[in-house]
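Taken straight from Swiss-Prot:
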- His117, His121, His127: Zn(2+) binding site (BINDING)
Amino acid sequence: MQQNKLSLSVQYADTRVQDILTRPLLRKWVKAALLAPAQITLRFVDAAEGQILNRNYRGKDYATNVLTFTYNDDDGSDIADDAVTQADIILCTDVLQREAAEQNKTLIFHAAHLVIHGVLHAQGYDHESDEEAEEMEALEIEFLAALGFPNPYIEA
């Protein structure tokens, strides 16, 4: 598989996970899901910041696990296919930890899944329709398997 160039910034607004979800680990996960060169910021936030962002940008007044913000050309159109993917991916540590516990998964496994999920969103993948969801889930399963993780959609 081709290694795509990555410029990665990691921000720990919520520092509780910085010793577990380290920059080298995050870089490995992001690169596993890259289909093109990218400039990506991963930001770990608490529930309060996650809720504010979800409310302000999606109109949903609760913290969610991952939000992906992509950048468009000045005219509002999508970035050209051959351009560098640019995105901010926000991960809410409170939701990550809660979901991992509820799903009997390690924080590492669940975080890897959601980082890959966010990177796929940054590259234009979505799950609004069943067909889109199946395509996105298949890629998530493939990329996670390449990293040594099991299928995240099979209940433990």
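Every residue, even glycine, has its Cβ placed from backbone N, Cα and C.
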What is the set of residues, excluding His117, His121, His127, whose C-beta falls within 8 angstroms of the centroid of the C-beta atoms at the Zn(2+) site?
Val66, Thr68, Gly118, Leu120, Tyr125, Asp126, Met136, Glu140
Tally every other Cβ atom lying within 10 Å of the Cβ atom of His117 (Zn(2+) binding site).
25
Those residues of the chain, 6+ apart, with a Cβ under 8 Å from that of His121 (Zn(2+) binding site):
Val66, Thr68, Thr70, Ala87, Ile89
Would you mind checking how many other C-beta atoms are within 10 angstroms of the C-beta on His127 (Zn(2+) binding site)?
16
